[in-house]
Structure formats: C-alpha cells, structure tokens
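Working notes for the structure below.
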C-alpha cells in the first residue's frame, strides 16, 4: 500500500473513531428529554458522558487536521463546499460544549432547562450535519476544475446525503441508548434498554438504505462483505441486548459502524470527492495527497501519538467504568446569588 | 463589502475572541496545577481551596477556549480553501500534531481531573492536572509554529508553484517561532497574573468590611494575590526580553511591518523610536505627522546598536516591487484585484497604534503588579477604597495588550497571508497574497451569514461567561468547596465535582 492510500485509510479510521465515540454522546444528548424525566435523572445521563465527551470531540478536530495535512485539496474542497452546514455544526458544537460545562453552575430550574434545550437541539443537529456532509462527500459534490463548488449552498442536499444524515442520526440515537443501558443502573437502564429494543430496527432503516445506495451506485464486489457484516452485527447487537448483554451489544454496534464506514470509504476509493459535474473534475487520492515527505512525517507522528491516545482514553473509560445511578448524584453545589 | 473583506473580518473576530480565552486558560491551568502541587506537598487546606477556586474559574473559561478553537481549525478549509490548498503540505502538519499530541491530552486529562477527585489517588490526580496544563502550552507551540511559518516560510522548496515541505525540523525550529513562543506564553502568564491580582484584591477588600474574617481564607486570598503579582512581574520581564528578540528578527524578516509599526516613512540613521504621534499616520508619505520620539532607540530595537540605518516605508516599497512585482497576476480568480497594482504598505494606523497599545497596556499592567508587590509586603494590605476596583479594572490591561499584539502582527503582514522574506535567511520566493487565499466557491452571502451568526453567538457567550465568572468570584471559596471537608467521608459513592 502506498502512503496516500494508507492515509486515506487513516482518515476513514479517524472518522470511524469520531462517529463511534461522539455517536454515543450525541445519542445521550438526544435522549435527554426521552429518558430523563426528573432533573436528577438528566444529571445521571449527562454524567455518563461527562468525563469523556470532550476527548471524543477531539477525534473530529484530529480528523479535520489530518485531512488538512494529508489531503489539503480534499480538506479545502469539502470544507468550503459544505460551508453553511459546517457553520451549523460549529454553532451546535459550541453551544453543546458550553452547555455541558455551564449547566450545573447555577442552581435554578430555568437555567438548567435552557441549557438542556441547547444540549438536546445541538445533539440532534450535529449528527444530522455530520451525516449529511460525509455522505454528500461519498456520493459527490458539484466541483469545477479548481475544486470549488458550482451552484449554491443547497447543492449539498440530495437523496443519498439526506439518507446519510438520517442514518448517522438514527445510529447515534440507538448507540446512545445501548451506551446508557451499559453505563447506568436502575430505572434509567431499563428505560434505555427498552428504547433500544423497541426502536432499534426502525432507527437502523436509514443506515441500511444508505448502505444499499452506496453499494449499487459506487460499490465494488468486495464491498458486499462489509455490507453484510454491518447488517449481521447490528441485528446481533440488538439480540445480545435482549439477553441483557449490553457490553457485547455495544461492541457489536461498533463492528457494524466499522463495516458501514469501510463500505462507504470503499465506495469512495480511489476518489476523495467525486465531482457530480464532470468526472474529470473528481478529486482523487493521488491528486490531493501531500508530498511523500509530509506524509512520512505525519505517519511518524501518528505512529507515536495514536497508541498513546488509545491507551489514555481507554484508561479514562476504565477509571469511570462504574455504572451511574441517581444515588451517585450529589446535591447541586453552586454559589447562591 | 466583498467576500475577501468579510472573510478577513471573520478571521479577525473569531481569532481575537479565541485569544481572549486561550491565554487565561493556559496561564491559569499551569498556576492551578502549581497550587495543587503545593497542596499535595504541604497538605495545607488553603492550597486546596485555592486549587478549587481558581480551578473552577479556569474551567468556566476552558470550555469557551475549546469550543471557539474548533472554529479556528475549520475556517481554514471553509473560508480560506485556496490558502489551504496552497500551504497544506506544510501548514497542516503542525495542526495535525497539535491535535494528536496536545489536544487529545488536554481534553482527556481535563475530564479525568474534573471527575477524578475521589476516583484517582492524589498523586495520579495531580499528574492529570500537569498533563492537561502542559498540553495547553504544547498546543500553543504547534499553533505558533504554523503561524510563524506564515510570517517566515522555512523548510520548503517550491515545486510546481507550491511550497513542498522538505524539513519539518526547520518548521518546528523556525527562529520566528522560537521567539514568538516565549513571547506568547509570557503574555498568557501576564493575563493570569493580573486575573489573580484583581480577583484576590476584590475578595480581600470585601473581607476588610466583614467583622469575622476566617484567618485561613485571608491567607489564601493574600497568597493568591502575591502569587499573581510575582507571576505578572516575571511575565512582563519575559515579555520585554522575548519581545526585543522577536522585534529584531522581524526587522530582518518583515521590514515593512516594522517600518509601519513605527510609521517610519523615510529611512533614518540613527533612527528614533516614536512614542506617540499626532496627525494622519495613514499616509505613507507622513505629511502632517508630529511624532514624539526618543532618538537612537529604534536603531537599537532593530539592529542592537544605536546608529545604524532603519529603512522606512518609502524606501521599502520599491524594494518589494522589485522583488515581488508591481501588479497582481491577471487571474480572474483574484476578482477585483486581478491585474491591479499591489499596495505593499499595511494599514498604517492599525499597525502603528497596535504596536503602541501592545507595549503600553503591557507596561501598565507590569507597573501595577510591581505596585501590588510593594503594597502587600509583610502581609500588609492597603486600606483605600479605590484600590480593589482599580485592581479589578487592571485585569483588562494584559488582555488588551495581547489583542493589540495579535492585530499588529497579523495586519502588519498584509497584503500577504504568507509573507515573503527579503532576508536571505528565509526562503524567498514563497509567498501568497491574502486576496488569493479566500475560498472561491463560497458566496459573500454565506460568509456574511457566518460572520453574523458567530459574532452574535460569541457576544451572547461572553455575557454568559462573565455572568458565571462574577457569580463564582462572589461565591468565593464556599461556593467551590464541598460542604464538609473531604477527609474520612465515604466519598466514592457520590461523584464529587460532577456536572
């Protein structure tokens, strides 16, 4: 495998890491009003992701930074073409991050309710936008010969990109529910499990649709393999959850997601963005890759950095491995006005 | 306004705003780790109080620094796609390094620190504090390495008209970043020092008015105040030394920026340093400018002696024209700039006053810190009613100095986004005009939407952050300490410090 192809795989891996990790914390935010009926229950939900959401979000920043370093042309064309959706994503992520940190800092009902609204709205908007932009990338954007968008901001909307938006959203919701049944105890855990079992198949429908659209429009023979694995793993995950094996269910979700990402990036290969205007304008791995020297440099950085990240992030999850219930939530302690 | 102007305003607004958060976070994070170390080593309860109080203010600010940082990374691709394509081979690498080597550490260990108070051993928990605070400093290094490359491109060769990286060590060891990094980090500590001074002074003044004063609390506030003052004084000394080194480099690397900083229109030998100017500094011929100057000093700032010549704007323009051309390329992608003459002088009032405000505000903050050290010696504390409000107001000085410094250094580089280097130590021939850098596929309407959305959002968040800061400052130690001292209780049942 040459270096540009290797980095194409690294980019796919970074997006996979992002979707897997922040997927469940988006899901927890989306489920806040559905599973958290009292304030203390909502605090349980938020505290399941409290120590880790910020680290999860860095996967997005690194995915962006790594695209910039390894495929500047890809980064530039995708980010400028998806200008307004990404603005919406930024606004949502800004609101969401601040809301987590600020929600408990003032002890009034109104304060918390308003920040809860920000968390919920941002947790729905973010996966929709990520899904929209990534799937639009896979199925093509109207690029001219310079790699710039032709047409207005709405050209990013197409049937596959909208299906992709719903797919990431549905996956995050299900993934969040499974995560919560793994991380909480008591009433909330039962609610989360029930939600995942009841809603699991409907939530996976857009994912399945996206897979088949990708397979029939851009796929190759071999992409059938990850496609089938994705379907089997997703359903097996729900079956394990039914048997109360929430850890296994969560892991199988991960396998399913990995297979989906492999199918989609497999469909994209050897392009990084196909142009819907003219195949000659499509950006390929070879066209957009940085020089071999730059790729070698960042390969060394990744070779040392990535294992370290995996180790200490894994350790974080280990430190906070205990299930959380309402009894663990201390009374609010904030300055009185 | 056209696309380029809007994009530049957006970059300016979002960057300055981000840089209001970042220095306070960096400075406070390291100081909080230091306070926690003092608690770990001495076991004195007041150091724990300090750690928790200043740690809480640090967290309120950290959240804003993190979320506004994502905008910074994304907008290179979103608003400046032509720039990103041009420089990606070299500029992306330090950015990716920041993410992988620094940012992951910061955010992961911050989570461990916030939630790990009773879950981790004291030593491991302290190590987490040092991990995230030092990672914030490392983060600054990578970002400044990227920025310094825009000021002074090194480590590349031109292949097919684009810079191609040939030495990452040259980029990371660029003399420009070696000077900019200490200067910026000292700036962060100047901010954190003044922050400690202002808030601790306010608390002490409030305690004066109360009848019952907890002796332990009084010591903690006094300790915070003295710590802040020492940090601010040392930081300013560092700023002056590193600033002098950086200035001398910049006279070589970007003579036009420095000539503009001085509104020095005609070459002088020996050159005088301008303290204050009256009149129209916007005109490069300097008619009508009355400047109060100190003789010989500019020669020293530029070259380290008192007599050498410093080139003025008028002398530099033909040099730039000879090296980099008189007209923009006649490329339709340059829009209104295509084929137009190039104006090599940056915005003179902005660079002139930016430079003066940077030094002026920084110097005022330093004088204040020295006064605080003198006034509070031997556990004494001034009684005057004026002094606490003054100390609180002085928190703004180093912030203002930092902003002025950044506006100066970025605006002084115009019309280039990647500045060329007449000085033979850099690689001459690598440069990019700002007019060439903006995203061609984005419309002015989209860009304007984002400026309005982000500015409005940042405005609201500024209000929220200040509201929370004030609340926690007023709450003092009581608001951040658990109701009972943490010893003995079965603390592992409940999550302390939870959201």
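Cβ coordinates are placed from backbone N, Cα and C, and glycine is handled just like the others.
Where the annotation comes from TrEMBL, it is an automatic prediction and has not been curated.
The feature transmembrane segment is assigned by TrEMBL to B:20-41 (among others).
Marked as transmembrane segment by TrEMBL: B:53-71 (among others). Remote same-chain partners of the transmembrane segment (B:53-71), defined as residues 6 or more beyond its termini with a Cβ less than 8 Å from a stretch Cβ, comprise 14, 17-18, 21-22, 24-25, 28-29, 31-32, 35-36, 107, 110, 114, 195-196, 199, 224, 454, 458, 461, 465, 468-469, 472-473, 476-477, 479-480.
Taken from TrEMBL, the feature transmembrane segment applies to B:91-115 (among others).
The annotation transmembrane segment is assigned in TrEMBL to B:127-150 (among others).
Positions annotated as transmembrane segment by TrEMBL: B:180-202 (among others). Listed by sequence, the residues of this chain that lie at least six past the ends of the transmembrane segment (B:180-202) yet keep a Cβ under 8 A from its Cβ atoms are 22-24, 26-28, 30-31, 54, 57, 137, 140-141, 144-145, 147-148, 151, 221-222, 224-225, 227-236, 238-239, 242-243, 246, 362, 365-366, 368-369, 372, 387-389, 391-395, 397-399, 401-402, 405, 473.
Residues 27, 31, 46, 50, 54, 182-183, 186-187, 189-190, 192-197, 199-201, 204, 362-363, 365-366, 368-370, 372-373, 376, 398 of the same chain lie 6+ residues outside the transmembrane segment (B:223-241) yet bring a C-beta within less than 8 angstroms of a C-beta in it. Taken from TrEMBL, the feature transmembrane segment covers B:223-241 (among others).
The annotation transmembrane segment is assigned in TrEMBL to B:353-375 (among others). When Cβ-Cβ distances below 8 Å are used as the criterion, the transmembrane segment (B:353-375) is approached by residues 187, 190, 193-194, 197, 201, 225-226, 228-230, 232-233, 236, 239, 243, 261-262, 275-276, 281, 381-382, 387, 391, 394, 397-398, 400-402, 404-405, 407-408, 411-412 of the same chain, each at least six residues removed from its ends.
Below 8 angstroms of C-beta separation, residues 12, 15-16, 19-20, 23, 187, 190-191, 193-195, 197-199, 201-202, 204-206, 232, 261, 350-351, 353-362, 364-365, 368, 372, 375 of the same chain, each at least six residues beyond the ends of the transmembrane segment (B:387-408), sit close to that stretch. The feature transmembrane segment is assigned by TrEMBL to B:387-408 (among others).
The transmembrane segment annotation in TrEMBL covers B:447-468 (among others).
For the transmembrane segment (B:20-41), same-chain residues at least 6 beyond its ends with a Cβ under 8 Å from one of its own Cβ atoms are 47-48, 50-51, 54-55, 57-58, 61-62, 64-65, 68-69, 122-123, 126, 129-130, 132-134, 136-137, 140, 184-185, 187-193, 195-196, 227, 231, 398-399, 402-403.
Tertiary proximity for the transmembrane segment (B:127-150) is limited to same-chain residues at least six positions away from its ends with a CB under 8 Å from its CB atoms, namely 22, 25-26, 29-30, 32-33, 36-37, 87, 90-91, 94-95, 97-98, 101-103, 105-107, 109-110, 112-113, 116, 120, 171-172, 174, 176-177, 180-181, 184-185, 188, 413, 417-419. Taking Cβ pairs closer than 8 Å, the transmembrane segment (B:91-115) reaches residues 59, 62, 66, 73, 76, 84, 125, 128-129, 131-132, 135-136, 138-139, 141-143, 145-146, 149-150, 165, 168, 171-172, 495, 497-498 in its own chain, all 6 or more past its ends.
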